Amino acid sequence: MLKNYFTIAYRMLVKNNIYSLINIFGLSFGMATTLLIILWVQDELEFDHFHKNLNSIHRILENQQYTDGNIFTTSSNPAPLVPYLKETYPEVKYASRYTWPVENLLRADKDGNFEVGRHVDKDFLKMYTFEPIEGDLNTALDPVNAIVMTESLAKKYFGDQRAMGKSITLNDTTELNVTAVIKDLPANSSLTFEYLLTFEKFWNENKSWLDQWGNNNVSGFVQIADNTRAKVFEEKIADDIKDKNEGSNVTLFLQPVSDYHLYSKFENGKQVGGRITNVKIFSIIAFVILLIACINFMNLSTAQATKRAKEVGLRKVVGAYDKQLTFQFLGESLLYSLIAAVLAGLIVYALLPYFNELTAKKLTFDILSSELLFYMLLITVFTGLFAGSYPALYLIRYQPARVLKGIIRSGGEAASFRKVLVVIQFTLAIVLIVSTIVVYQQLNFLQNQDIGFNRDHLLYMEMHQDVGKNYETIRKELLNDPAVEHVTAMNMAPLNFGNSTYGLEWEGKDPDAMILFNNISADFDFTQTFEMELAEGRGFDRQYSTDTANFLINEEAARKMGFEGNAAEQPLTLWGDRKGKIVGVIKDFNFSSSHDEIEPLLIALEPDWFNYVVVRARGGDMDGAITVMEKYHKMYAPAYPFEYKFVDDQWSEKYEAEERIGIIFNYFAVLSIIISCLGLFALAAYAAERRIKEIGVRKALGASILNITGLMTRDFTWLVIISAALACPIAWYLMDAWLEDFAYKINIGFITFVMATLLSLFIALGTVGFHAVKAALSNPVKALRYE
């Protein structure tokens, strides 16, 4: 019986080859899209799952409560916290600090390279699961000058030789011993490093500022004992920093490392999402695309139903039950779905490299994977049964007596249902089109908005070796070059800053007030180099020797201090002992991203802290500026490779995730329209075929080609307009929610919905118009020959 079902299904597929191909291609593209998104979602959900102790490892977070009502959440902790927790609480099995990524120069022979690493405690290799290639991970970080390398880094410096026991030089000053080599971290790892150094070494070199409970500078992780409840332990440690640091506003809490990748966004002390939002969005899109493909199948199958009415009638006359007919039609649908699944697999295999490039992933398509086979089988069966359900139920409702007498109605309920399905299809497609337009407009706004300084033609390099101590000489030489317009220095790379409230005082400040201020250190010519505007006063000026103790602030800082319009010359104290005055107020500028509102900022002039040279190229002569920077870098830091970065590239990187989403939305919107139009194309062909005699009569009575075309396209036009009316409020609601994540954003204008509607109409009418014009140009004699 089953063989018979599939034999009939195969014959119908061959007989209606054009419609069959449209069905199969529509389903295959829908399935392929769903499979790609499933691979992406699966990778996101399995981040860090290779760690055996994942469920018991937590990162230590802080909620810092300020008197202006702001709660700032950070993963940065004081360095003494982690060892204190381990020594004090038996619930802590392992604990480790984890520094911010740092680029160091590693050299095994003549050639050296900058590599990114971290400083960690000994417990780090016991908490997390890494696959050892060489060495014992339990003791690898015991020596102070130990280095643990990833496999690819070890091969880079030592080739195929055994790396363990060999020496490598750090920053041309310190000899390190390779004590272990581990497998490269998986692509879906939240931990990122190429090598690990001991925290003990970091402590010995920086103890003067690390050994302070009021100085946040490292991240911390704890692995709690198996019988410990995280919430109970969290309550125990909540006020530990307040106990150690009088006047502290910090409350500690724990976040499972398993949540770190997907739930990293906090607002006002509460977890509000993160990448999980993208996971939900893409999951919905996968379902929408597959639904559009299934609707195509339903539409075309019900449209073709009249051609099979006599077949159904005859089968019923000779004894076929409704159940048998249902199984037959579902079998046909499953056959289509199975063929589409095979084709979808080939599409995924072909497109995966491009999808990986687009999403910055390293996804693999292993057809023999039991998990992947399960997903493919699930999609195939779901698609086959869902897409074939209504056509099967519709066909078995034909009455044999009426059918065999030739009484067959092709309109009525089935026609209405087809119209509903077309409306659903285009509603979903227009929602994606509107979303794509809004994402594009927001990204365009972000890239072109006035951020308070000119990021074009700015580049910077890090100070290495003797560049720092010879900065003044280098600065003067750079300014003598015609390619260089301005030069300044900073303690942090542009678009980065620290924050602090320690020892901050100004006249009129409430003694109990605690307000978080960002801060950076910058040289003279800072405002000129970045082409910033002053709202009050002046910038740092070499004519005033006292400026090395003075400050610049932004407008937001002036507002927080209550100095709007009169901040210049106001006395200010920072860190308890750095006393000076405010010499100027810079108009608010955005060093962060448009996700966040501009925050109060203090700028101090601290030459001993400078780490970066920032250059503005004259007239956009970037090549000339790079050449002269390289010249003096080689002169004063010959042991270090010359590296530079562009500020506008750094700014663009802040919106890299949004740009990827925009491109992906664009592809999905195009795909949804293509699948919808495939179905519309077939429906238009069916409509033209069904109304061929009517068209013949109208032409015989004098109807013009324009009249016939209008008649054929009118119904489809109204369906798209209704779809747009339904889609626009849905799209507005969804995209307004997406825009809430930005502090600075566009307003979704009426023109956006008009553009999406007109684009959909143009595509739909172009698709239908082909068959409409073809029908209008046909010879009426052929249609009416036997009437």
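Quick reminder: no glycine exception, Cβ is built from N, Cα and C everywhere.
Taken from TrEMBL, the feature domain 'MacB-like periplasmic core' covers 20-238, 427-596. Under the heading transmembrane segment, TrEMBL lists 21-41, 281-300, 333-352, 372-396, 417-440, 664-688, 716-734, 746-773. Taken from TrEMBL, the feature domain 'ABC3 transporter permease C-terminal' covers 284-400, 668-775.
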Give the one range among 21-41, 281-300, 417-440 whose Cβ atoms make the most pairs under 8 Å with those of the transmembrane segment (746-773).
417-440
Which residues, given as numbers and ranges, are at least 6 beyond the ends of the transmembrane segment (664-688) yet have a Cβ under 8 Å from it?
18-19, 22, 25-26, 29-30, 33, 282, 285, 288-289, 292-293, 295-296, 299-300, 303-304, 358-359, 418, 422, 425-426, 428-429, 432-433, 435-436, 439-440, 695, 712, 715-716, 760, 763-764, 767-768, 770-772, 774-775
Can you tell me which recorded stretch out of 21-41, 333-352, 417-440, 716-734 has the most Cβ pairs within less than 8 Å of the transmembrane segment (281-300)?
21-41
Per-region confidence, the domain 'MacB-like periplasmic core' (20-238) (mean pLDDT, whole number):
92
Non-local residues, at least 6 beyond the ends, that sit with Cβ under 8 Å of the transmembrane segment (716-734):
419, 422-423, 425-431, 434-435, 438, 680, 684, 748, 753, 756-757, 760-761, 764-765, 768
Do any residues of this chain, six or more beyond the ends of the transmembrane segment (417-440), have a C-beta under 8 angstroms from a C-beta of it, and if so which?
285, 288, 291-292, 295-296, 298-299, 302-303, 390, 394, 658, 661-662, 665-666, 668-669, 672-673, 676, 679-680, 683, 715-716, 719-720, 722-724, 726-728, 730-732, 734-735, 738-739, 746, 748, 752-753, 755-757, 759-760, 764
Summarise the domain 'ABC3 transporter permease C-terminal' (668-775) by DSSP state, stating how many residues are helix, strand and coil.
93 helix, 0 strand, 15 coil
